[in-house]
């Protein structure tokens, strides 16, 4: 029978005599040779056969040719022959010319053009396939045994072919001839469909069959292809598909069927669909995520397979303990945490009128311990509050929030407590001044206490003469004013003076002792006092001389150390062993007296040598890992403690190298430590050391409590003053100035790579993309040979186009960081694609100023984004500019507006036209402040005319307490007023 991989070409007649009972009429030559006869097969079925038995005559050359067989696309043909052969020894009285073999030939032709005499009956034009010999021959006619042989030939190129059989003197019968070819049947493998494919021209040929993903599947590796071998079998699969998100495998991985109701699949893959997590549902088939039910939400960081959760209920059992102008609040956790474990608390302080009808947020003088930073919240259920004023009425709201509170349209649940502070003594007098002095008196004044905590009744002044080993007898006087005249003093004498204020609560603390001196009797000061400037000047000059000498000694010493360091490194050894003048000249440029030079750890033949040279080895017994706080490229990031001998225990961040690492991964992991270990600056993350002599391998750095700058700003939207933000930017610029002076290019400067500690100090981190910058005055760039990804939104155009990374490209990135900081962590270029960003920057589009951004800061951003990198400011200039802005705070009050020109706004981000909204609620939804819709309605602000007249006090009164939200709503109200003025009718 015919196998599943073997069939005749479509539309052609099978070249077979098996089972044929009608006359075949094949061509014979000569006519006395092959003879067509009827016979029976093994099952005694009637068949037509060809036989020949001219064994008694020598020089036989009998040919038999089939009819024309269409080839179509087949390149190699297989022929199965069934035949019987008579044993020559069993035939009596025959000459030695008797044969027991015959020859198989084929002839290719584009048309059925063969005739009785054409082509010539000979090898060439006929092509010989093989000489066919039987496995068994028979000696008696009735016991003939059928032989089966299969031969193949190719490659074929014409439209068809003939088969021919040559007899040279055998006694045989040709029972069956079957021509066929082999193919690989269509199949599904790896969720891809591969079509039916014919085998190649040779038995060893491999034919490539391209595949396509089955419906609802996606490619996971390309190209998709299978190889069909010469036996018609598939082999060597390349590439694969997998079921798309929302679909699962079915029918033995031959189909991808949609997830049913109540199930979902968030990622592509071969896994099955999963039931919806609690509090969620699907609305259609093929769901990739289950939608949260009403009142339940997911945080942005929650995975799609996590349960939907709700906001927590209000804290319970608030207890207050008031002590004069400070208090302690304690409370119990909410009855319902909302199904989450990231519960936090916000304490809102409000100062109220006597009737508590009008409350406003407390000013910044009120201190909280632990300190509250915007929306980061408290984890402890206890807070100490100090520096509140005496007597006023206060209301404290303790809000319970969790990771999805920002998703809820309603304000957090809270418990409130009303507090009336007690009378407290005044604070200390900060400073005192000498107004005039005579031989027996002096007139003093002072600044009133910063916190009087009530009406000041009078001041008590204590003074005593300063003598050799101590002070004399103290005298006290009182004054109703913040000034006093002290009489009865000695001439040319020094006195120590202190002052304190008194209220009905009693005296406050004395001020710090301050020294004042009376004049001589003749009105002149003493000789010692007159010579004081000369003495001070001489001492200062002497001190400066000593400092200069010490600095010169240090410079010379460091110069020798740097030179020795360079010469002992692989870079230096290369210099000593090289006669290349260009190399020597470059190295000399690095060795600048008094300047520390960065050395690329990748120049070391042994990377471990760089680690030993620049990083301190720490014993594992000194390290204690407390919790995992994240995951990095090489392993986990943990928080822990470090206790070195002779030093106090400190919190540290610990990067660990995952198990099963390769030597290259270990080298790349430790290279960051080799880089960080060379830096020593308050705005660069500090390396404590490494652990390489035990497992796991660790890099230990200082711990930054507030983590990455971008997420920190988003959590504290609108909570900082402009001066605070500029201070952060100044710290980042100072760190980058330090790196650029060491000829070091960061290449990945972004807010996500700036870490913030508890004191809001920003430090540059993440040196994974950084590389050494060669100091070549002609072209001070590092040409990257890496093919890795680069952060398009933060990278300078020349670095994207030509992989030219310089300190100037870092300046471009710093401008983007400025924009991130002033926009409180907004994504640069918003939702534009990377290619759109590249095109826009190429067309001189630049980011517009963030909301409420000072003009001076946005201009500095634009300076950083100048196309010509040589015209961008240096980091030293940026630091100087920011210092001037900090000293002249008034310059930061001029707010930037979007202007046209070369550096025009990237996108039209104007506030929506309020006339397009039918209700105030629609307007609040448009500006993403829909959570306050109920507040506006309950307070009576139901029309745009009323909303346009609202002030910050109105927002506070109706419950909009977050400063960032107040600023956003007021900004939109201001635009609403402008639109109303533009649409007023004009009287003619």
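Even glycines carry a Cβ here, placed using N, Cα and C.
Among 418, 981, the residue that Swiss-Prot annotates as N-linked glycosylation site is 418. Cβ-based neighbour count (10 Å, all protein chains) for residue 323 (N-linked glycosylation site) stands at 11.
Note: the domain 'SAM' (915-979) comprises 46 helix, 0 strand, 19 coil (DSSP; helix = H, G, I, strand = E, B). Put plainly, the recorded positions 418, 604 were compared by Cβ crowding within 10 Å, and the winner is 604. Here residue 323 (N-linked glycosylation site) is positioned 64 angstrom away from residue 604 (phosphotyrosine), judged by their C-alpha atoms. Here the domain 'SAM' (915-979) returns a mean pLDDT of 85 for the predicted model. In the three-state DSSP scheme, residue 604 (phosphotyrosine) is classed as coil.
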